[in-house]
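Please read the structure below before turning to the comments.
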Amino acid sequence: MFSGSVVGCANALVGGWGNMGAGVTYVLMPLIFEGLKSSGLSDHASWRVAMVIPAGICFVMGLTCLLFSDDCPQGDWSKRKQQQIEEIHYAENEKNVEVHDANKATKTKTTKEDDNDSIISEKSPKVHAPSRPTIGMFFKALKNPNVIILMFMYACSFGIELAVDNVIGYFFHDHFALSQTKAGMIGALFGLMNIFSRATGGFLSDYAYQKRGIRGRLFVHFLIIFLNGIFLVAFRFSLNNLKDAVIILVIFSFFTQACCGSVFGIVPFVDPEIVGAISGLVGAGGNVGGLIFTGVFKVYANNTPIAFMVCGIAVMVVAFMTFFIRLK
C-alpha cells in the first residue's frame with residue numbers, strides 16, 4: 001500500500017501504535033481493578049468486571065470498522081469488479097492521449113535522439129488487474145527461503161514482544177516485591193515504547209535504503225536484531241537493583257520493537273506480486289514465536305532471569321540469518 005521508499009516507516013508506525021495498546025493496557029487495567037476493588041468487590045470479581053471494559057471497546061471498534069471502513073484498499077469488495085473495469089478504461093484513454101501526443105512530437109523532431117524519445121513516449125505502462133488470491137500464492141511464498149528467514153526474524157522480534165508482555169508485570173511484582181499497580185506501571189514501559197521505537201526501526205530502514213539500497217535495509221536490520229539479543233542477555237545481569245533493571249528494560253524494548261519495523265521494511269521487496277501472502281506468513285511467524293518464547297518462560301518459571309538470557313542468545317543466533325537473505 002505504500003511506496004518502497006517509505007514502506008518501512010509507514011508499516012512500522014501503524015503497527016507500532018497498534019502494539020502500543022499493550023502498554024496502555026498495563027497502565028489502565030490495574031487502575032480499573034483497584035477502583036473496582038475499592039468500591040467493595042473482591043479481587044476475583046474485580047478482575048472479571050474490569051474485563052468488560054476492553055471487551056466493550058473491541059465490540060465498538062469492530063462495529064465501527066464494519067459500518068464505516070472499506071473492505072480493501074481498492075474499495076468495497078462488491079464494487080471491486082466495476083472499479084477494475086473503470087481503471088482499465090482510464091488507462092486505455094491515457095494511452096491513446098500519449099500516443100497522439102507522441103505522433104505530433106515526431107513531426108517536429110529530426111535527430112536520432114529525438115526519434116528515440118518519441119518512441120519511448122508512445123509506450124504506456126501495462127495495467128495489471130488485481131488477480132484473485134489463490135492457494136498457489138501461499139505455497140509460492142512458503143517455498144521462498146527469504147520468507148522462512150523473515151518468519152524467524154519476526155518470531156525473534158514480535159514473538160519476544162508478545163512473550164515479554166505476558167510476563168513483565170508479574171516479573172517485577174515477584175522479583176522486586178512491588179505492588180501489583182507499581183509493577184504494572186513499570187511493565188507498561190515495555191509496550192508504551194512502541195509510540196516511537198517500531199517507527200524508528202522503519203525510519204532507519206528507509207534511510208539506509210535511500211543511501212545503500214536493499215543492502216542498507218539488511219545491514220540496519222542485522223544491527224538492530226543483534227543489539228536486541230545483546231540487551232536481552234544484559235537484562236539477566238541487571239537485576240540487582242530496580243533502577244538498572246528499568247534502564248535495560250527500556251533499551252531492549254526499543255530494539256525489540258525497532259526490529260519489528262525493520263523486518264517489515266524488507267518484506268515488500270521479497271516478491272512484490274505476492275506481498276500480501278508474504279506479509280501474512282511473516283506475521284504468523286511472530287505469533288508462533290510468541291508461543292515458543294512464552295514456553296521458554298514457562299520452562300524457567302522458577303528462574304525468569306535465565307529465561308531472558310536464553311531468549312537473548314536465540315535472538316543473537318537468528319540475527320546471523322540476515323546474511324542468507326538474497327533479494328534482487
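Every residue gets a Cβ built from N, Cα and C, even glycine.
Curation does not apply to TrEMBL; its annotations are automatic.
Residues annotated as transmembrane segment in TrEMBL: 12-33 (among others).
The transmembrane segment annotation in TrEMBL covers 45-69 (among others).
Residues or ranges marked as region 'Disordered' by TrEMBL: 103-128.
Taken from TrEMBL, the feature transmembrane segment covers 147-172 (among others).
What TrEMBL lists as transmembrane segment is 178-197 (among others).
Same-chain residues lying 6 or more positions outside the transmembrane segment (218-239) and placing a CB less than 8 Å from one of its CB atoms are 153, 156-157, 160, 175, 201, 204-205, 207-208, 212, 245, 247-249, 251-252, 255-256, 258-259, 262-263, 265-266, 305-306, 308-309, 311-320, 322-323, 325, 327. What TrEMBL lists as transmembrane segment is 218-239 (among others).
According to TrEMBL, the feature transmembrane segment maps to 245-267 (among others). Here the transmembrane segment (245-267) has long-range neighbours at 7-9, 11-12, 15-16, 19, 150, 153-154, 156-158, 160-161, 164, 168, 172, 176, 186, 189-190, 193-194, 197-206, 209, 214, 217-218, 220-221, 224-225, 227-228, 231-232, 234-235, 238-239, 275, 278-279, 282, 286, 325, 327, meaning same-chain residues at least 6 beyond its ends whose C-beta is under 8 angstroms from one of its own.
Residues annotated as transmembrane segment in TrEMBL: 274-300 (among others). Proximity of distant same-chain residues to the transmembrane segment (274-300), defined by a Cβ-Cβ separation under 8 Å and at least 6 residues beyond the stretch ends, is recorded for 133, 137-138, 140-142, 144, 147, 150-164, 166-167, 260, 263-264, 267-268, 306-307, 310-311.
Counting same-chain residues at least six beyond the ends of the transmembrane segment (306-325), those with a Cβ under 8 angstroms from any Cβ of the stretch are 145-146, 149-150, 152-153, 155-156, 160, 163, 218, 221-222, 225-226, 228-236, 266, 293, 296-297, 299-300. As annotated by TrEMBL, transmembrane segment applies to 306-325 (among others).
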